[in-house]
Amino acid sequence: MAAAGDLQMEDVNVGRDVEEELEEEKKMREDGEGKDPFKNKKVHKMVSKWMLPEHARSRYLERANCLPPPVFIISVSLAELAVFIYYAVWKPQKQWITLDTGILESPFIYNPKKREEAWRFISYMLVHAGVQHILGNLIMQLALGIPLEMVHKGLRVGLVYLAGVIAGSLASSIFDPLKYLVGASGGVYALMGGYFMNVLVNFREMIPALGIFRLLIIIVIIALDMGFALYRRFFVPANGSPVSFAAHIAGGFAGMSIGYTVFSCFDKTLLKDPRFWISIAAYLACVLFAVLFNIFLSPAN
């Protein structure tokens, strides 16, 4: 009997040890997840408040991670910075602060006389007209693009960004057909346009003070950047080269249509949203018109 009692006590002790080990492993697992840099809930909570309406935040936080990280917007920014450094350092200019003359021969710039080189309608985003130009675009697209890509991932952000870039060059070829075009403002304005529409439509679901603050920030940035673009277009020095500003407006409209649809369709299948196909159809119609205009009607011909 004593032996049987000892055996039962040993079984109980073994069971307790197993339970304690399981509890300890569970605790370590939870601690490890909390320390995982890819699941920093504080960062994701802040991002969700700025990027999503209230009803979508809980779903985002359930699956929030940085896998994949915001590769698209970072890669584009590094490419733009590399091209700028190349023309500033290895292709010396008269003034390093304003790269007005040296970049006009770049194979990346949109040149109305070389419109048959179709890649220029996209590659112009890599070239910038000076330090203040590239810094402004990099700051805006990183500050807005990284949080957007954390929520919507690179494919959707890339779609909106490139739609703005293409819309910018095509609009410039129509409304300012004889002017050169440089800079990523079309893509930047597309991101801002999509974000602006989402804040505006979901204003009641966001903290009112933050909603007003976001709208004011976007308006101030657009006013300053458009002012600088208009200055470069109409008040450029006699020895400089005027640069078109139509890409800013066209990129903004692309963002307010395609960008709004893409960013408002969080956690849903984008291809099943009829708004997406309507905006895509309207965008492609405008692209087709611009292509035909460039072939048959452009003064640059």
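The backbone N, Cα and C atoms fix where each Cβ goes, glycine too.
These come from TrEMBL:
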REGION    1-37  region 'Disordered'
COMPBIAS  24-37  compositional bias 'Basic and acidic residues'
TRANSMEM  67-89  transmembrane segment
DOMAIN    116-264  domain 'Peptidase S54 rhomboid'
TRANSMEM  121-146  transmembrane segment
TRANSMEM  158-175  transmembrane segment
TRANSMEM  181-200  transmembrane segment
ACT_SITE  Ser185  active site, nucleophile
TRANSMEM  212-231  transmembrane segment
TRANSMEM  243-263  transmembrane segment
ACT_SITE  His248  active site
TRANSMEM  275-297  transmembrane segment
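Same-chain residues lying 6+ beyond the ends of the transmembrane segment (275-297) with a Cβ under 8 Å from its Cβ atoms: 115, 163, 166-167, 170-171, 173-174, 254, 257-258, 260-262, 265. Using a Cβ-Cβ cut-off under 8 Å and counting only residues 6 or more beyond its ends in the same chain, the transmembrane segment (181-200) has close neighbours at 51, 53, 76, 80, 103, 109-110, 124-129, 133-134, 137, 140-141, 144-145, 148, 157, 160-169, 172, 206, 211, 214-215, 218, 221-222, 225, 229, 243-244, 247-256, 258-260, 262-264. Over the domain 'Peptidase S54 rhomboid' (116-264) the predicted model carries a mean pLDDT of 84. The CA atom of Ser185 (active site, nucleophile) is located 6 Å away from the CA atom of the residue listed as 'active site'.
Within 10 Å of the C-beta atom of Ser185 (active site, nucleophile) sit 31 other C-beta atoms, taking all shown protein chains into account.
There are 24 other Cβ atoms within 10 Å of the Cβ belonging to His248 (active site). Mapped onto DSSP helix, strand and coil, the domain 'Peptidase S54 rhomboid' (116-264) counts 118 helix, 4 strand, 27 coil.
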